[in-house]
Structures are given as structure tokens and as C-alpha cells.
Amino acid sequence: MSEARHNPVLAGQTAVITGGASGIGKSIVQRFLEAGASCLAADLNEEALAALKQELAEYGDKLDVVKVDVSNRDDVEGMVDRAVQTFGQMDIIVNNAGIMDNLLPIAEMDDDVWERLMKVNLNSVMYGTRKAVRYFMERGEGGVIINTASLSGLCAGRGGCAYTASKFAVVGLTKNVAFMYADTGIRCNAICPGNTQTNIGVGMRQPSERGMAKATTGYAGATRSGTPEEISAAAAFLASDQAGFINGETLTIDGGWSAY
């Protein structure tokens, strides 16, 4: 990602990234730092945050890390407050943290799975977006919100029931916020990755046989898996002034899988 260093499109900006210690979130943190931004990386995994801080030590005080449970409203709101206190401002928030559901179709899903997915994948995005909009409105200078949805937020057969519902809701929230606040200089967009080489599926110890068969229809041989770096490049573009007239959009990054 060294090309970002030669094109510091986020110089002088401050970004908050949830799920920032691994996978797509970690790549976004690194990409944004290389593009000149200061970053607050938030994650539930303290060990991973410490490792991230050590790995990116060259950025010094431009990188702060904080343990956050994104399903907890106070944690999310405190995260934004910390960024403002540490860096003096917040210009960008990336609501990226998320979990999967073992590709469970509705008949195999219990209430606990549904409620957990909604808390982490949807409520967290609402908390972060609401806090950001309130801050941006008070500051009066606009701002950028990027929500990590999924191909499953556009194509209903690519994931489990709870995961798909949560990501469709993220897309709807994104578009509503974009329209409601377009006249304030606030931009709100979503990235929709397809299959990507991250650890989000680590918890899927026993994926549903039916769900797996249905969700992967049309995938075999159609395209390779994406890399976190390919997703973070799209996020950096949306965060920059180069995307200044892009608002309320869902940017699909899936190598063509959704064309099936």
C-alpha cells in the first residue's frame, strides 16, 4: 500500500475505525495512516490492539487504540469522544466491526443468534453513525461516514438469515442518513465486500449445511477471494475529497460475484 504515502489524500484528517485490529479494519487503519490521517483503532481484542500499535509504531502518536464493545452504546459514544479529545477533531468514522452467523437459515436459527447479530452488526452502526452525525452537525464542517455492509446486504442469498438481515439494514440506514443530511456536508456511504480473506469466519465452527450450499451458489470458480487491501483502498477513496459528490452509495467489491 506504499502508493498511499505518495498521495496523502487524507492529510490532516482524523478517522475512527471499529474492528480496527484485524482483517479489513486493520487494513483500513494502515491505509488511512499511509494516506496522512490520524487514526483511532477500536476493537474488543486488547491483545490484537497492542500488536497493532507495535506493528505500526512508526506512526507514533498518529495512532491511538482503544478497547470497545461496539454492542454497547456508551462504549461507542466514548470512542468518538476519545478521538476528539486525543486528536482535537474527528472527520471520518468507519463502522466496520461485525460478526457472522454460521450461515444459518431461519429454521435453524435461535433468538440468541439473531439478537447478537443485530447488536454487533446493526446497533453498533447506528450508535456510531448517530454520534458522528451529532458531532458533525455541532461542528458545522461536515464529515464522512463509511459503513461496512456486505454483498449479503445487497444479495439475500449470500449469507445466513440474521447476517443478511443485519447487512440489508445497514444499507438502508446508510442511504437514509445520506439523504437526510446531504445538505450539511455529511456524506454517508457503505462498502459491500464479497468473499474476503479475513478472520471474520473464524467463529463459524459448524456452518449450516443448507446455508453453505445455498450461499455459495454460483461462487465456485467464478472469482477469487478479495484481500483486505483491496477493500481498504475503496474505503480510502470514499473517505477522501475525490469522492466528494458520492453520497448514499453502496460500493460493491466482490470480483463480479454479484453479477451471477
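These residue numbers are counts, starting from 1, taken along the chain as shown.
Cβ atoms are placed via backbone N, Cα and C, with glycine included.
Values in this document were obtained by computation on a predicted structure and should not be read as measured data.
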Identity of the NAD(+)-site residue among N96, N176, N189 (reference: D43, D69, V70, Y163, K167, source: Swiss-Prot): N96
Chain-internal residues near V70 (NAD(+) binding site), provided their CB is under 8 angstroms and they sit 6+ positions away: T18, G19, A42, L44, V76, N95, A97, V120, S124, Y127, G128
Lowest local Cβ density among D43, D69, which the record lists as binding-site residues, within 10 Å: D69
K167 (NAD(+) binding site): tally of other CB atoms within 10 A of its CB: 29
Around the Cβ of N96 (NAD(+) binding site), the count of other Cβ atoms that are within 10 Å: 30
